[in-house]
Structure formats: structure tokens, C-alpha cells
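According to TrEMBL, the feature transmembrane segment maps to A:23-42, A:54-74, A:80-97, A:104-125, A:131-151, A:172-193, A:224-246, A:258-291, A:303-322.
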Amino acid sequence: MKNTIDPYLKPVRESYRTRVSRLGKAGIFVAFIVVCVALSLITPRFLTVPNLMIIVTQVSINALLAFGVTFVIITGGIDLSLGSMVAVTGVVAALFARSETYPVVVPILAGLLSGLLFGAFNGFVITRSKVPPFIVTLGTMTIGRGLALILSKGRPISNLSDSFNFIGGGQLLGVPMPIIILVVLFAVCSVILRKTVLGRYMYAVGGNEQAAKASGIQINNVKMAVYTMSGLLAALAGIVLTSRITTGQPNAGAGFELDAIAAAIIGGTSTSGGTGTMAGTLIGALLIGVISNGLDLLNVSSYYQQVVMGVIIIGAVVLDSVNQK
Amino acid sequence: MPFDRDYVLTIRGLTKTFSGVKALDNVELTVRQGEVHALMGENGAGKSTLMKILIGLLTADSGEILLDGHELKNGDVNEAMKRGIAMIHQEIMAVPELTVAQNIFLGRETTGSLFGWLNDNHLNQQAKQLLDQMGISIRPDTRMKYLSVAEMQMVEIAKAISNDARVIIMDEPTSALSDKEVATLFGIIRDLKQKGVAIIYISHKMDEIFTIADTITVLRDGQYIGTRPAADLDIDRLIAMMVGRELGSLFPESSIRKGNEVLSVRRISRTGAFSDVSFSVHEGEVLGIAGLMGAGRTEVARAIFGLDRISSGEIRIKGQPVVIRSPQDAIQYGIGYVSEDRKGWGFVPRLSVKQNITLASLPNHTKGGLLQEKSETDVATKMIADLRIKTASPDQHVLYLSGGNQQKVVIGKVLLASPDVIILDEPTRGIDIGAKAEIYKLINQLKASGIAIIMISSELPEILGLSDRILVLTKGKQAAMLSKEEATQETIMAYAMQY
Amino acid sequence: MKSTFLTVLTTVLVLTGCNQSDSTQASQGDGGKKLVVGATMLSMQNEFIVNVNDEMAKQAEDAGVELITVDAERSALKQVEQVESFIAQKVDAIIMNPCEVEASSPAVAKALAAKIPIINVNSETSTKPSAFVGSDDVESARIAMKFIADKLGGKGNIVMMHGYMGQAAQIKREQGAREILKQYPGLKLIAHQTAEWDRAKAMDLMENWIQSYGSGVNAVFAHNDEMGMGAVKALTDAGLKNKVIVVSIDAIPDALQAVQKGTLDATVFQNAEQQGSKAIEAAVKLAKGQAVEKETLIPFQLVTKDNVAQFMKKPE
């Protein structure tokens, strides 16, 4: 009778569940604060304005990708092509940013457009076929990597214009541009998620696709929208990255999707869909950034860094599964 | 209470507290050998907590459980199983890839050979003997996944019997069974009684209780209310014990005059599901659709709502022929649908009550592209009050509501899209009697407000009590259209069992 | 870049079975047929490897040899399979740019067993091939670190950026660097960390080091130019570039430009062209049954502002 436990444990009492769930949501914020306090006690170099600026700048690319994938995961999907989209869009932008021949909006728009098309392609295949998003984006991940290599002919594209390099390397009123972009996009994505019909529909589709359908929601449109937005945000990340390292790299962004998905999950987005917040994802990305920065400051071997990161991801998922029950 | 040889199970003074709330308060239960003992109570009355303690999944705070006069160790699943307590679940928990025989003997495979090799032939023989004894014709080497829900249940019971179960708990065993399968189940239950096995039977279906139960124990709000022979009770008195008050008549007379035709379908068919179904429904009218499981009732509803396509025929809204390709289309045409499968097609568990209620009419609550929280809250609060949804707040997740209240949330959502016709598919399935009464009241209110209602139900009293006309389907075909006056349980069943 | 497409085109033609095109001045094997050389390269995403391969394609064309290039995509397993398929196609010689020291070794053994000459280019395998053409990675790091030592007068704090940990190039470059560090007790390695050959990661790492050590760092040694460029960018942004020496290896075009501008202090030139052409030369000779050197080591050259001009390619 061992296998009988599940259905009978389901009706746990409300108060207990809400408490655990609240704890889970607060958990990530608490963890973040604890890590920050710990680091500032261990090393005086951590809690300085320049270091914090650097952390946020470094986090910005992963955070942009994580925002996109948060939309996708909330609808119950996944996007593994993020890293490849970073490469493709970065290379496209770099191709148009090579000299001062075009004004800086041209490479930006070209990059964004390529991301939009790429994301829309993901959405199109996912909604028109019965193939799960995991498989579709696994395929487009490879396609994207190939496209980036074709477009760049396998070589980095450098000598980009100064105005383009300003996007990732410049400062506005002493604040690095990537931070400004991050803050703006955080606000925009939060509003989309919390304050628009589309955002609500994302939760509905991920929470119960059938009920969403029976409520008259056009499931396919919602999915198209999230994958396209994921593509756009990946393009923005690609542009910032390319501009920051002042080269379009066809092999850039490899593995970025995993960091982005990790940020979303650490931030409380449930892999089974239907829950998640942009604030959580931002904290998730910041936590990853802070830990990686802190371990660098402490000169911890990168071997251990990987172990630490893995432990954190598993911890977050365990917390998530506690929430699910 | 003196020890009585007849009592196989005696529970006394059982109390269980969850975070300060008493789920069970000094509850008792005594079950005789060879009797069917119905355990009744509304959702939250403590039935499942009591059963979980009995099978050892939970530990009671105080009280004692005696099985055959000997104390049963508290909170020990294995002990309970060894001592002969078995439970047949609402959701069957079999291993789908294993065979019937393998499932029956799962965890205690006898080898039938010296060397301990598993011998499927041996298992199959044993299983066949067992199934034959029960009069069930299922091949023991069939994989579990190919069985119907009813057959799986039979296998679960066989498993319990093979375990020498003295007490078998059945929790809503008929919720997914057809009438014929219910009859078979009841046959098996009677056999078990003969053999002296005691059955604790939990069900919301009153007619079943009075058909099968010998004794009835009622719990309410964690309290023991009383135990009576079934023969001493009738439905009204039982309900009074369960809810603690008289509900009045479940089906109040309504004298609404029907208005114009809202929806009509002509000879609609869907290959493999139903064919040549025609009916119409008017403002302020309830059209009941009756029929056995698999008669095509839900399929008709899904097709009208655009979840499936019809292969031929015509749907008219207010006299105009329309083509419905999707639920969006249906909602546009003023059709609302409350699915039989509340969890599957009804609500989004992790959205709040408010967010679920506004889900189908969300664009009405935007200004400049942004959602207006206040407008949503206002509308939801009103709906919560109108439908008397019991929730801590509009921001409570629907997941945490009771079945009846979840159902009301779904109805509220459908109503907010201001439909002219609502299709209610098994609107009271799995919800307790008090909530049922409220749903009935609500249906009559909707009717009074001039909405056309199509109600699909397997519960004949419900169909008879609420419908103005009754469409009977059988095997995907239209068997009869009965007026309120013509319809009785007998006529409906006669048509439903036709062919 | 046209040559890459030519390579691809040739590959396609060969694979679709267009073996009948006997050109007039082509090198002839014993059977009188045009010689076919199969090449499996570590990764065609790596600029240096692409350069080696471009030169191989050019030389092959000049020599009238058909060159089939395949990309092992950094997988030794794939590489072994590719060599197996070359053996099955009965090519006249195989050039392998090994993915891994140990794991790519079976490919060498299989080719030798099939009596097909196999030439390792750029890096080694534990099983000795018919011939090796390449450079000694340890030497490149010695050259780079020696330059730093000279510049700092044998005294100062150094940070090192590793390539992908555990790869042959990373191991050897670290080994070379440490050899020199031992000779100069005044040089202190204050931190070392991997940036996985990646420019963006190197930039992040350098930024974090700047936070840690401020201007306490005197020199950066990066295992490749990509990472060196990332370090340069971070240092420039922090306004520290003129105080910190950055040296890396490979001499990719970006790095050469940076050396010319003076932002990157030095890089080490590994001669892709010579590796490519010598590899083809060895392959053709071995296919015809002629003797070749067992090991052809192409020397590294230090590139600084003084001699950078001679390494700059004419714009394509």
C-alpha cells in the first residue's frame, strides 16, 4: 500500500500550504540577503559601489535572457535556443555596426529584428506542430549556432563603431548602459507580466492550458508572443554582449540558456508552468552574479564555483517542489 | 461500549488536530462483520482524515482503534495492511505497465519454484482463480493500462481480497463507473458481505447509499453525529444529519415562462461520437440531457462550444446559422460552457478566485492596454457575493477552495462573459449536498434572468427536478425528447438503455 | 574566406561520389588516380583552426590533391568515427587535428593498422602518428611569460587566465608559464582562474580581479587572445590599462590590431599557414611512399609593437 500515499496527502491544510509557499517565495530573497551580508563580512571589497555596479553590469545579459525565458516557462514551455540567439543577433548587429557607415539604430534594429524572427520561428514551429518546445528549441539552438557561423564566416567581427560600443561599454550619468537597459527592461517585462491581458493569459496557459482554452484564450497566440519576446530579449542581450566585448562572436553565448533558466528557477518560476515573477527572476540572476563575483573576489577555484552553483540550483528546485505539494 | 464479538472494527475517542484546528474531535465508528457501513458527511467533515488514520497514513492525537478486539498500532501503514485493512482509491494507483496478475501480487510475489525465479504462469493461475471466484472475466495477463477504470477497480478489490482484507474502504468507488459497472460492483460487494468482509463505503450519491448500505455513520465538522441503520433513514433525514439543518426542498418549483429560441442545433453529427442530434433551447428554459456514460452527451456539448468540430449539421444562434470553430467563437456567440471536468477544463488552480472569474472577459478590464485591478476586484467581489462563493478573499488561489466553490468560480467566469445560453456539464459532480442545493438555486436564478440552460447530468433526480424538457441520448443517437410531464426515472432509463 | 567555401564544395563533391574528375596536372598516386587526403579538424568554430585549414585547402589545390575536411566539433568520439569513415573511403592520407591527447589516439592506431599514413597537425596524441606537424604549446607560454618577466624586471604580481580546464592547450600553457615563474622568484602569481577561452567571461573575471586587487596587478597572462582581449577591455574601462601588461597567445587579427594600437602588449604567433602547408606536404609525400621528418616543429614568434606589421594580413 506504499503507492497510496499520494492522493491522500493532497488535501493538506490550507494554512500550512500557504505558509510553506510564502516561505518558498521569500526564501530566495532571504538567501540573497544572507549571501550578500556574508560576502561583505568576509571581504571588504564586496560592498563597494564600483563592485556592485560591476556585478549588475555582468548580470545584465543573463538577466535579459532570464526575463524572456521566464515568460516562456510561465506558459509551461522552455527555450533552449537563447544562447544561439545571442550569437546570431550579436553577429547580425556586428555586421551592420562594423564601420560608421550606418547610424547606430541600424545595427540595433537589425539585431532586434533577427531575434524577433528567430523567436517567432520557434513559436511558429511549437504552435503548429505537436513537438514539445524542448525538442523544437533544441533544434533551433543548433540551427542558430550554424547561422551565426555562416553569417560571420566562422570568425569574430571586430572594429565596431564607437557609437555601437557605447551600448555595452558606455555610461550615462555615471551609470553603465547595461544597467540602464536592465532596469528599463525589468520594468517593461514586469508590467507585461502583471498588468496586461497577455501576462495574465501566460499564467492561465501555463497553469491549465485546457481551462485557458475553454475561457476563449487563443493559446497559440499567447505562445507565439512569449517565444517572440524571448527572441527579442535574447537579441537585446546579444547586442549588449557584442557591444561590451566590441566584437560579434559566432561562438558567443554557448550555455547561456542554462544560466538564464537557472536564474528563473532560482527566482521561483515553476518548471511546471503557471507561476513566476520578474522580481524573482531578477533576484535569481543577481544571486548567481553575486556568488560568481564573490567567489572570484575570494579567488576560489572555478571547479568549486561550479559545484556551488549546482547546489544552489538544486536547492531552488527542491524549494519549488515543496511549493508544488 | 462493551466489546462485542460482532464488531470487527471499533474506533473510540479519536481526535486529530492540524495546526490548532480540530479535524476530528472525539470521533467513534463501529463496524460489524459483513456489513456495508456508509460514512457520510460534507467535504471537510473529517471522513478522509479518519480513513487516513485508519490505514496508518496519519497518526491520531488520542483515541483508540480496535481491530478484532486488539489495538491497532497508530500510524503504521504496514501494520494496518497486515491486519487486513485495505483501501480502494478514488484515483486508482496501479502500475499501468504491469499485468493484472503482477499488480495483484505486487510486493509479495510467490515464486512457485525452488530457486526463487519469478514465474508468471504461476502468478497468472493464482490471479485467475481469484478473479473467477469474484466472477470477473479479466485475463490476468492483460496489462493494467488496457483496462477500463471499472476493471482496474475490480483488480484493486481482488488485490485486497487476496490480502485477506477484513475491512475494505471504498472511497467514491462509482465516480467513474457506468450504471452497468456499478451494478457489477454492487454484486461484488454483496459477495464480500457474504464472506464476512466489512465495507466502509464513502460516497456522495444518496441513491447508492440507500441501495447498498446497511448502516450509516455521519460526521459533521470533525464531530461524530450518529450511527443509524440505513433502513431507519431517508434522504431528507440523512441530509439533515449531514448539514445540521433542513435544506428545504432541493428543487423548488419555478414558474418561469420560456421566451425566444436562443440556440438550436439541427442534425449535428461528429464522426465516432454522435449523430443526427437536433434540439433547441429557449430563454428561461432548462433543457436536460440525460443518458448513460458514453452516450455522447459531453461530446455534443464540446462540439457546440467549439472544442471539437461537428462533421455535419447546423448550429443556429437566435435563428442565424453560425460556424463555431473555437471556444472564442462560441463565447462571441453568447455560449458559455461549464465542463464536467472542473480540474481539467474549468479553472486555473494557481490563479486567484478573482483572476479566474475575470479570465474569460479580461479585455473588459483594461484601460490603455493595462489591466485595471480595481475594476477586476469590483466585478469579482460582486460575483463572489452573488454566487455565495466561500473564499477567504478574492485573492485566494482557487486550488484551496472546496469542490463546490471551485465549481461556482467556474460558473462565475462563464457568467461574466454574459452568455445567452449556458451548457452545464455535470454541474454537481463530486460536490457535497449543501453546495449542490446552492447550485440548484443558482440554476433557477439564471433561468429566471432569462438565460437558456442546457444541463447534462447523470443524476436523474437532478435532471427531473430542474429540467423543463429532457433530451435522452443513447449511443450517440437521440432516443427521446421528453416533456417535464412525460419524464420519470423509469421512462428516461428505458430510453437511455434502448438499442 | 572563399577557400572555406571551396573546401566545403570539394567535400560535397567528393562525398557525392564525383571521383571521375581526373585533372591533368594532378598529383598521381600509385594507381594513377588523383590523391585524396581526409582531414578532421578540432573545431571549425575556432579561428586559428580555420586558418590552418584554409592554408591546407590552398596547398592541396596547388598540389592537385583532393582534400576532404570534416569538423569534429571538439568531440574525440566523433573524430575517431570520422577517421574510420576515411579509412572506409580508402583515402590516401589522413590529417588529424586531435581533439584530445588520449581519446583521439584510437584514430591514429586505426589508420596505421589500415596502412594509411596519418599526420597530426597542431596538437598531439599519445599514440605516435606517421608524422607530426605543429608547435609546442609549452614553448608559447614560455615565450609569453618570459616577455612579462623582462618587462617587469623580474618583479611583480601576475594573474593568469586559463583556457578550458583540462584541455591539452590549457595544461601545456600553464606548464610553460609556471616554468618561467619558477626561474623568477620575484614574480608572484596572485590569482588564476579559468575564463573558458571566452572573451566575455574573461572581461567579467578581469573586472572582478580589479575589484579584488585594484592596481596591485602588474601583468595578465591569458592562455589565448580572446581572453587577453577581454582583459584589455576591462582594464581599459577601469582606466588601468597603461599600468598593467597584458600578454596572450595565438596572434588572431583582433589581437594583432590591439598590439599595433598598444593596448595588448604582446601576443605569441603560432604559424597557422606553415602548420597547414607542412601538413599537406607531409601527407602528399607519405601517400606517395616518400620519407618525411617524424616531427616538424614550427617555431613560435613573439609579436610586439615593433614587429607587428609583418604579421598583419593584407585586408581581404
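Here the Cβ of each residue, glycine as well, is placed from N, Cα and C on the backbone.
Remember, TrEMBL labels are computer predictions, not curated facts.
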Leading stretch by Cβ pairs under 8 Å, where the reference is the transmembrane segment (A:258-291) and the options are A:23-42, A:80-97, A:131-151, A:224-246: A:23-42
Contact check, the transmembrane segment (A:172-193) vs the transmembrane segment (A:54-74), 3+ Cβ pairs under 8 Å, seq sep 6+: yes
Cβ contacts under 8 Å made by the transmembrane segment (A:54-74) with residues that lie 6+ beyond its boundaries: 82, 86, 133, 176, 178-179, 181-182, 185-186, 189, 192-193, 202-203, 206, 226-227, 229-234, 236-237, 240-241, 244, 256-257, 259-261, 263-265, 267, 269-271, 273-278, 281-282, 284-286, 288-290, 292-293
Proximity of the transmembrane segment (A:104-125) to the transmembrane segment (A:224-246), 3+ C-beta pairs under 8 angstroms: yes
The transmembrane segment (A:23-42) in contact with the transmembrane segment (A:224-246), cutoff 8 A, at least 3 CB pairs, sep 6+: no
Spatial neighbours of the transmembrane segment (A:80-97) far in sequence, C-beta under 8 Å, 6+ residues away: 61, 65, 68-69, 104, 106-108, 110-112, 114-115, 118-119, 122, 134, 137-138, 140-145, 147-148, 151-152, 157, 160-161, 164, 230-231, 234-235, 237-239, 241-243, 247-257, 260
Residue numbers, six or more beyond the limits of the transmembrane segment (A:131-151), whose CB comes under 8 Å of its CB atoms: 72, 77-81, 83-85, 87-88, 90-92, 95, 118, 121-122, 125, 250-252, 254, 257
